[in-house]
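Notes follow the structure.
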Amino acid sequence: MSVLIFAELEEGKIKKTSLEAIYYGSKVAEMTGGETVVLAIGEADSAELETAGAYGAVKVMHAGGQELKEANIVAYADTLTSAATQIGAKVIVTAKSSLADAVTARTAGALKAGVAGNVTELPDLSNGFEVIRSVFTGKAFAKTSINSEVKVLAIKKNAITPEISGNKAAVEDFMAPVSEEAGKAKVIKTLKETGTVSLPEADLVVSGGRGMKGPEHWQPLLDLAEALGATTACSKPVSDMDWRPHHEHVGQTGVKIAPNLYIACGISGAIQHLAGVNSSKVIVVINTDPEAPFFKAADYGIVGDAFEVLPKLTAAVKALK
Amino acid sequence: MNILVCISSVPDTTAKITFKDDNTTFNKDGVTHIIGPYDDYALARAIELKEELGGTVTVLNVGTAETEPQIRKALAIGADEAIRVDAEPTDSFFVAEQIAAVAKENSYDLIMMGRETTDYNSGVVHGIVGQLLGMPSLSPVMELNIDGNTAKISREIEGGKEKLEATLPLILGCQEPIAEWKIASMRGIMTARKKPLNVRPAVGEGLTSVSSYSLPPEKGDCKMIPAEEAEKLIDLLQNEAKVL
Ligand SMILES: Cc1cc2nc3c(=O)[nH]c(=O)nc-3n(C[C@H](O)[C@H](O)[C@H](O)COP(=O)(O)OP(=O)(O)OC[C@H]3O[C@@H](n4cnc5c(N)ncnc54)[C@H](O)[C@@H]3O)c2cc1C
């Protein structure tokens, strides 16, 4: 049973979560006895794509055509469907992301494939094909069996720790016909922060809530994030009030993240906020109120004023380096 | 402008998640259900578009009779009519098939829903529906305006957003800030009772099934560091937690 991994590219490189998905896919291929093939869509050098081999891929199908320059959901999905059909893939793996959801969904529709999202462990093949996935926005797990011939798995960040080899993957150009629907939705403009790690990919996150008191007071938080090399996030009211851009909003209705470290400053820890950050490995809470509910979900806590605590932390981080 | 809004019925965001029958079933006892928060955004924007451009808003739910309070609420907020496909919504493909079956019998300019449900979080129903109907699908959509036959959309991407123009008909997975959640007025609640709610049987069957559930391990104690010694935290993160 061949396994096809849909890998996302970011500035010409395979995203870190996609590398995890490739490694996961290679383990599934080992279990089921098949090849591990990667589909990478967009611009990238062959030398970069070869590195997929270190994560267990034998082959990378590279679709770098002009009409795939923008992340066109329909065109990406058509390409993925063709690649899966061509190699006879029975399992399609991707890192969970909003783009991957939108793309693999159409492929699932085309191939009549059962989908399991937020998968946290390798499948159990002793009784069909069963996976554990995170459900209820991180509040529970569900053992799910996928009964269709083709299966789509979206892997949650940190579900597996890759062991890297010295292998290189063979890179082949791939082009597939794209359906008419692809031309019906055109990207006009992309507005994107560059040079920062995006939230779903980030290992270190520093986040601010209403306790930061206003957008003009964000500097101490940004300083700590910069010293750590962390990505910044915020609570829902903060993005609702336009203190911070919407893509920083984490929680039940925002981005769901799973960093190694989440530092929350001036955030009370409402259940809807926790839902988006409860998969973090270590949580630090800084809050003036010792009764703030967030302390119950934290590993480390400081009862204090964020504006006094943050500069101390930044200085301590700088002293490390 | 005829819009189909697909809504899920999910546990309230503050509900305690527990299981029963040997961890095989979600325990609904004492749990309030709500319209999926993302679906609620889609519904709010659909009603605004109807008010601006005319037409109708139909809500569709795949669910058992237990979900009728959420459907009535959608009607009270301003949807004109409702369809309930009478089945447990246990699988993404299955739900998408029901939506596609309803959509094929009618002609909708827009099919809107949340980017994902807050119970299973798979975020794929919109895309599967798009593929089954041969229409473009976009998600997560955070702005939507209609100009004739063109939808002007902004879609959230990691670290920013993307502006798009797309020709109708379209399938959209929505999220904030596409609109503000709406609250039903007293009059809305009264008229909702008289609006049509058609129940129909399901087609096809699911491709996945859940055999058991489990809860994450309890969080250990929180280690407190005095604010005066805040810098010690960095040492602990580096040498104890080993995350730096
Ligand atoms: C359906 C639904 C979905 C939701 N989805 C989300 C979501 O996705 N994400 C989300 O975040 N919220 C979400 N919410 C909102 C959530 O319920 C809370 O209202 C929100 O998380 C509170 O944000 P906050 O912690 O920033 O603000 P507050 O609750 O106002 O907390 C501010 C905190 O800052 C502390 N503080 C004040 N001054 C200082 C200081 N100088 N230094 C340190 N601490 C200070 C205070 O003690 C307080 O604990 C949702 C709500 C609903 C109903």
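Placed from the backbone N, Cα and C atoms, the Cβ positions cover glycine too.
Residues within less than 8 Å, Cβ to Cβ, of A:Gly269 (FAD binding site) and separated from it by at least 6 positions along the same chain comprise A:Val285, A:Asn287, A:Ala292, A:Pro293, A:Phe294, A:Phe295, A:Lys296, A:Ala297, A:Ala298. In the three-state DSSP assignment, the secondary structure recorded for A:Gly269 (FAD binding site) is coil. The FAD binding site annotation in TrEMBL covers A:Arg210, A:Gly266, A:Ile267, A:Ser268, A:Gly269, A:Ala270, A:Ile271, A:Gln272, A:His273, A:Asn287.
For A:3-186, the entry in TrEMBL reads domain 'Electron transfer flavoprotein alpha/beta-subunit N-terminal'.
With a cut-off of 6 Å between Cβ and the nearest atom of ligand 1, the binding-site residues A:Gly269, A:Ile271, A:His273 reduce to A:His273.
Ranking the binding-site residues A:Ile267, A:Ile271 by C-beta neighbours within 10 Å puts A:Ile267 at the top. Filtering of the binding-site residues A:Arg210, A:Ile267, A:Gly269, A:Ile271, A:His273 by Cβ separation from chain B (threshold: under 8 Å) yields A:Ile271, ordered along the sequence.
Pairwise Cα distances among A:Arg210, A:Gly266, A:Ile267, A:Ser268, A:Gly269, A:Ala270, A:Ile271, A:Gln272, A:His273, A:Asn287, the recorded FAD-binding residues, top out at 18 Å. Note on the domain 'Electron transfer flavoprotein alpha/beta-subunit N-terminal' (A:3-186): its mean pLDDT in the predicted model is 95. Most Cβ neighbours within 10 Å among the binding-site residues A:Arg210, A:His273: this distinction goes to A:His273.
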